[in-house]
Amino acid sequence: MEDERKDGAYGTPQKFDPTFKGPIYNRGCTDIICCVALLLAIVGYVAVGIIAWTHGDPRKVIYPTDSRGEFCGQKGTKNENKSFLFYFNIVKCASPLVLLEFQCPTPQICVKKCPDRYLTFLNARASSNIEYYKQFCVPGFQNNKGIAEVLRDGDCPAVLTPSKPLAQRCFPAIHAHKGVLMVGNETTYEDGHGRRKNITDLVEGAKKANGILEARQLAMRIFEDYTVSWHWIIIGLVIAMGMSLLFVILLRFLAGIMVWVMIVMVILVLGYGIFHCYMEYARLRGEAGSDVSFMDLGFQTDFRVYLHLRQTWMTFMIILSILEVIIILLLIFLRKRILIAIALIKEASRAVGCVMCSMLYPLVTFLLLCLCIAYWASTAIFLSTSNEAIYKIFNDTVCPVAGKTCNPETFSSSNESHLCPSARCQFAFYGGESGYHRALLGLQIFNAFMFFWLANFVLALGQVTLAGAFASYYWALGEPDNMPAFPLFSAFGRALRYHTGSLAFGALILAIVQIIRVMLEYLDQRLKAAQNKFAKFLMTCLKCCFWCLEKFIKFLNRNAYIMIAIYGTNFCTSAKNAFFLLMRNIIRVAVLDKVTDFLFLLGKLLVVGSVGILAFFFFTHRIRIVQDTAPPLNYYWVPILTVIVGSYLIAHGFFSVYGMCVDTLFLCFLEDLERNDGSAERPYFMSPTLKKLLNKTNKKPVES
């Protein structure tokens, strides 16, 4: 197999250097300006975090606030023993003002407990329930006004309804009785003027609360499933870890057999799928309604209906047949390339065996990423809660000053209260007019940008570290004795000491593209209501272009980091050399590299599929390890999906090391082909298997 391109538009091949024996140790610092920029950005990021932590108050996210902006249930406040927020008129929460101000235009107070009975203010005033009712009135209510005055001034709610707490807020306890929606045991309620109204009006106003209640019930059931199945989930993840490790160990000794076994298994699985679809298609022949087409049936929310149609199984059978044919044709035409990919995997197995601690390095990357995520999330929360309480004028009728800011302490004696006697000054939202508050959006963007930059830097550090360790193996002629004593730690030290700037440069480019994509997504969400088709088309094109650009930069950065680990050059030089080297061998890159990625994907799917099937049969009580081991669940898919996602992440962690090893050995392999010719002075460094596949040999030195 000859090189695709020797020179020309993509640079000249590497020349033979008799002193080159692998990763260069005598190297200097690269991209110092970017290193300084990263350090200054980190200092600024820490300063932003300190400012956010100084002004922010996470209690605004956790605890509800009353109409005066005071927390409910927070220790050290006058509402310390009042943990729940009560709305005077929940119906007004359906007002469009809620979408504009993020606050219901009705008085809200903190209470010790939610109402547990149906009661009107009129009935409470005429009976002995007024003391119970007063706890749901504004603080300091003395009951020395007339009924009309109390309701006009908003001192007390017109009616109490049985409520349940949800997220420390009181929402009507809605349920169905004989097909009728009810709150408590009532179907009607009495307003403050003695008129009976249908409870449906109250239900309509509380639909949002009901939807949240259903979501809460779902969340609680999922939480219950986790509490009874968490130990089995951990066992499933341990099994996934064991299978991944076993797969890696077997690859070291049986890479060729396992790769072909995986390929044959995929072909057999697809073949069985085709057979099963045909059997279902034949079984439905003659059944009533099975010949109905998709167009006639239309869209159905219960997807199981489609399994009773012959057309469904015919569609599945055609799709699986096409996939089967494509895979078989690829195997026929890419057989030689697959053999080379297998040789690379075997070589990677030996390299990982010599640098076994590399399998643990993903834990370091994971911990550093968790640190970045934790700092970003905490800073974002403190920034979003560093606003001040803003009070606005709310009124049920037309009022010229409605919506203006106000001071609750002086509102009763202000001109606004005289213009609109029924208006109220209540807490609206958190904001501010100072320079700091005006800069909050920019600080949030900077916070997101720094998160992308640091996260990409952590990933780049891991790639350079692994590439340096595995490159040491390749250029040592596969002899562990020719390698450094601690190749992984040596590569890690070189990366931090000499190439922090280069890693920061590559991470910066990627972070800029990613933050642009985030801003495009934000603009797309804001423009969804617009009817301008050209703007939507332009936004879609921009999102697609930047997605492709991000993928290309990730690919280029990965190979540039390998060149940095080997030669110690700066980022631009390494990226240029890696790009030209790959373009000079574009067919090998397009085939060998992607075939290897495909084989690793099959390995991940094998691990995830095996553990997922085992979890499915276990949690659905189709198999039992011992008597009644599977716990009773509300939703059996909760632990199954958790095990599947966790298994994929574990398998991805193991195979990411292998993937980096294969990519590193592949670039070293291409460099080896260009630098050397197999003569006694310029011997090949590749393994005997690769030399045999490529019909290359090392000539023995001529004896004098």
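Backbone N, Cα and C define each Cβ position, glycine as well.
Proximity of distant same-chain residues to the transmembrane segment (30-53), defined by a Cβ-Cβ separation under 8 Å and at least 6 residues beyond the stretch ends, is recorded for 375, 378-379, 382-383, 386, 436, 443, 446-447, 450, 453-454, 457, 498-502, 504-505, 508, 564, 568-571. Annotation source TrEMBL lists transmembrane segment at 30-53 (among others).
Per TrEMBL, transmembrane segment is recorded for 230-251 (among others).
Sequence annotations record features per position, and here TrEMBL assigns transmembrane segment to 257-275 (among others).
Remote same-chain partners of the transmembrane segment (313-334), defined as residues 6 or more beyond its termini with a Cβ less than 8 Å from a stretch Cβ, comprise 263, 266-267, 270-271, 273-274, 277-278, 280-281, 284, 307, 591, 595. As annotated by TrEMBL, transmembrane segment applies to 313-334 (among others).
Proximity of distant same-chain residues to the transmembrane segment (359-383), defined by a Cβ-Cβ separation under 8 Å and at least 6 residues beyond the stretch ends, is recorded for 48-49, 52-53, 55-58, 61, 245, 248, 352, 440, 443-444, 447-448, 450-451, 454-455, 458-459, 461-462, 465-466, 488, 653-654, 656-657. Under the heading transmembrane segment, TrEMBL lists 359-383 (among others).
According to TrEMBL, the feature transmembrane segment maps to 448-476 (among others).
The transmembrane segment feature in TrEMBL is assigned to 496-520 (among others).
Cβ atoms under 8 Å from those of the transmembrane segment (560-583) belong to residues 5, 9-11, 14, 22-24, 27-28, 30-31, 34, 460, 463-465, 467-468, 471, 491, 494-495, 498-499, 501-503, 505-506, 589, 663-664, 667-668, 670-671, 674 of the same chain, restricted to positions at least 6 beyond its ends. Taken from TrEMBL, the feature transmembrane segment covers 560-583 (among others).
Feature annotation from TrEMBL assigns transmembrane segment to 598-621 (among others). Only residues 6 or more beyond the boundaries of the transmembrane segment (598-621), in the same chain, are considered here, and those with a CB under 8 A from a CB of the stretch are 229, 232, 236, 239-240, 243-244, 247, 251, 259, 262-263, 265-266, 341, 345, 629-630, 633, 636, 639-640, 643-644, 647-648, 650-652, 655, 658-659, 662.
Annotation comment: TrEMBL describes 633-655 (among others) as transmembrane segment.
Nonlocal intrachain contacts for the transmembrane segment (448-476), taken as residues 6+ away from its ends with a CB within less than 8 angstroms of a stretch CB, comprise 20-23, 38, 41-42, 45, 347-348, 350-351, 354-355, 358, 361-362, 364-365, 368-369, 372-373, 375-376, 380, 482-484, 487-488, 490-492, 494-496, 499, 503-504, 506-508, 510-511, 514-515, 518, 557-558, 561-562, 564-566, 657, 660-661, 663-665, 668-669, 672, 685.
Here the listed stretches are 230-251, 496-520, 633-655, and the one with the most C-beta pairs under 8 angstroms to the transmembrane segment (257-275) is 230-251.
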